[in-house]
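In what follows, a single structure is set out as C-alpha cells and then discussed.
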Amino acid sequence: MSTSTATELYSQGTDPASRFTSSRERNHKRNSSTVEELLIEKLDYFVSSIEARLNNFDIFFKWKEAHTDEELNDRPIKTTTNIYTGGATGNNLLSSRDRSDSTSSLQSLKEVSLMKLNLIRDRLRLIKKSVLSKGFTNVEFLYNLLTDQYDYLFNSVVDPDMLDDEKLTGEEAEEEEEEAAALGGGVGGGTSPREVLSDKLIDIIYYFDQKLTNIDDYLREKNAIVEGGIKDLQENQEQPHFINLRYFNFNRALKNAARNKYVHYYELPLMWRENKYIIQGYRFSLKHSEMWKSIFAWHNETMNIWSHLAGVGIVLYIGLVQFPSTTLFSLMSNGDKSIMYLFLFAALGCLVSSSTWHTYSCFAHYPSRANFACIDYSGITLLITCSVIAIEYCALYNYPNLSLAFIIFTMACGIGGFAFNWSPYFDKPECRPLRIGFFIGLSFSGSTALLCQSWYYGVWHAMWFTLPLFYKSFAWYLLGVVFYGGLIPERWRFDVIIEENSAVACNHHYDAIDVIEDKVGHAGEEEIDQIESELLDLELRRLQKVENALKEDSDADLSAEGGNTGSNFDGNVVTDGEHDSGTDFADDDDDDDFKRLVKKHFKKEPTKTPYANKFMSLWWVDYFLASHNIWHICVLLGILGHYSCLVHMFNEIKGV
C-alpha cells in the first residue's frame, strides 16, 4: 500500500498498468451507475489523493531543506555526464574552480526543479480548497478549474522528463470519445448538459490523476541528483500513514444531506466527526442560509442551540428588568454596576457564541467551521475571565489597589486565552499544556484573592462570603464536566452497534484535564489514528505477501535449474505470466482489503440491534439529553448561580 493507495483504488487497481484504464472500461462503469454517483465517487477519492500528495510534498521539502548543505558539501556528485566533472567518463578529479562551477550549476538546476514542484504543490492546494468549497454541485466551476490547472501545469510548467512516455494525444482522445459515443456511454450519451459536463469532469479527473501519479514517481525516483539522497524520502513517502482519508466522503455527504436533509455519523467525513455515540440527525451543507434555517428545525444540535438561546433571553431579562428593579441596584456605585454588567455581558457573549457554533458545527466549509469553533472558545474564555474579575473585585472591595493588580493579572491571562483560541500555533497538541497554564493562572488569581480576603477579614468571614460560589455555581460546572467528559448517557446506548472492538469503545472516558485540553469531541481524529493503524497492518501483510512471492519465485528458479526442464514440482512449466497472475491476485487482495477498510469506517447505514425501537436503548439521545445537552444546561445554571453569588456578595458589602 503506497502513498497513492486512495488514487489506486480510484483507478480500480493497484498494479501501475491498471491505472491507465481504457475508455471502454470506464464507460462501462458509467453505464452501470448514474454519472452523478460516479462523479461523487471520483471527486472524493481525488480529494483524498491530493491530501496524501500534499503530505508527500511537505515531507519532500522538509527533507530537501534539512539535507541541502549535506548534498552540496559532503556527498559525492553523480558523474554520468561531463557537465559536472569536465571529463567524458567522470574519472578526472575536479579542480577547485570546476567544483565550484559544478556546485553552482547543480544548485541552479535544483532551484528550478524546486520552484516547479513548489508551484505544483500550491496548485494542488488551490484545487483541494476549491473542491471542498464548492462540492460536486458546481460542476461547471470544477471542470473549468481542473482544465485550466491541467493545461497550465502539464503543458507549460512540468518538464517532460517528469512524466512517463505514455501520454494521451489529442487524436487518441478523439478516438476514445468516438468509441465511447458508439457504446452509448461517452460524452455524447449524456441526457442533460449537466450530465455531459459531469462526464467530462470525470475524464479530466482521471487524466489529472495519471499525471500526478507520474509526479509521485518523479519525486521518488528521478529527482535523486545526489547519490543516495532520496532513499530515506522514498521510505517516508511509502509509509501507509500518509494515505489521507480526512476529507473522504465529503461530496457524498453533501449529496445525501441535500436529498435526505440529514445524514448519519458514518456518512460524515472524518474531520467533521466529534461524538461517535451520536448517530443520527447531522446537517451538512455549504450554504449559510441552510445553517441559519436549521435553527428552527429539529436535529441533533437543536437542544444545544436553544438551551443557550433561552439563556440569552434570561440574561437579557436579568440585565434589563430584574437587576435594575432591586434595592441593591440603587445602592451600588457606577463601578459596582460596571462589574456586574461586565459579568452579564460576558455571560451573554458566551451563550451567543455557543449557539452560533452549534448552528455551524456541521457546516461543510471546514475553515469557516473552525473559525466558529474559535468563536465558541473565545466566549468561554470571556465568561471565565470576567467571572474571576467580578469575584476579585468583591473579595478585595476595600483594597482597590490590590484588587486592581489582581484584575490586571486576570485580564492578561484572558488575553492569552484569546491568543490560544485563534492562533494556529497554539492549536498544536504540544501546545495544549499552555491551555492548562491559562486556566491555572485564572484559578491562581481568583483563589489568591480569596486568600487575601481571609487574611484581611478572617477565615470564617471569607468562607461565609464565598461559600455560595461552590454550591450555586461551581457545583453545576463540575456536574456538567462529569456528563460531558464521560459522554453520559449516550455511551450506554444499545440501539445500534457503535464499535466492533468493544475494548476500544470503553476507552472513551475523559477527566477535567481532558476537557481543559480540548480532547473531548474529537472522535474523527481518533478514528484517523485507528485507520492509520489498520493501514499499517495492511502494509505489513502486503510486504509479507511480496516476500513470500519472491521466495516462491526463487525456489521455482532453483528447481528449474536443477532439473534443466523449466518446470515446477507438478511438472507444469512455470511462465512469467503465471507469476504475474499471482501478483495480480495479490494486488486484488490488497485492493479488497482497502475497500473493506473504507466500508467499515464509512458505512451506508448504522448496524441496528433488535432493541433499536426500545425506549431504554437510548435511541433518543441523538436529539434529547445527550451529554453535550446536559453540559449546556449546567453551564446556564452555573451562570445564573454565579449571578446569584455576586448579588449575595454585594449585599454583604452594602449591608443589605
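From the backbone N, Cα and C atoms, a Cβ is placed for every residue, glycine too.
Taken from TrEMBL as is:
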{"type": "BINDING", "residues": "His358", "note": "Zn(2+) binding site"}
{"type": "COMPBIAS", "residues": "1-21", "note": "compositional bias 'Polar residues'"}
{"type": "COMPBIAS", "residues": "171-180", "note": "compositional bias 'Acidic residues'"}
{"type": "TRANSMEM", "residues": "309-332", "note": "transmembrane segment"}
{"type": "TRANSMEM", "residues": "338-360", "note": "transmembrane segment"}
{"type": "TRANSMEM", "residues": "372-391", "note": "transmembrane segment"}
{"type": "TRANSMEM", "residues": "403-422", "note": "transmembrane segment"}
{"type": "TRANSMEM", "residues": "434-457", "note": "transmembrane segment"}
{"type": "TRANSMEM", "residues": "469-488", "note": "transmembrane segment"}
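Residues 291-292, 294-295, 301, 304-306, 308-309, 311-312, 315-316, 318-319, 323, 332, 368-369, 372-373, 375-376, 378-380, 382-383, 385-387, 389-390, 393-394, 632, 635-636, 639, 642-643, 646, 650 of the same chain, all 6+ positions outside the transmembrane segment (338-360), place their C-beta atoms under 8 angstroms from a C-beta of that stretch.
Within the chain carrying the transmembrane segment (372-391), a Cβ under 8 angstroms from the stretch's Cβ atoms is held by residues 339-340, 342-343, 345-347, 349-354, 356-357, 359-361, 363, 407, 410-411, 413-414, 417-418, 420-422, 439, 442, 445-446, 449-450, 466, 469, 518, 639, 642, 646, 649, all 6 or more beyond its ends. Within the chain carrying the transmembrane segment (309-332), a Cβ under 8 angstroms from the stretch's Cβ atoms is held by residues 340-341, 344, 347-348, 351-352, 355, 635-636, 639-640, 643, 647, 650-651, 654, 656, all 6 or more beyond its ends.
Away from its own ends, the transmembrane segment (403-422) comes close to residues 374, 377-378, 381-382, 384-386, 388-389, 392-393, 395-397, 431, 434-435, 438, 441-442, 445-446, 448-449 of its chain (Cβ-Cβ under 8 Å, at least six residues beyond either end).
DSSP gives the residue listed as 'Zn(2+) binding site' a helix state.
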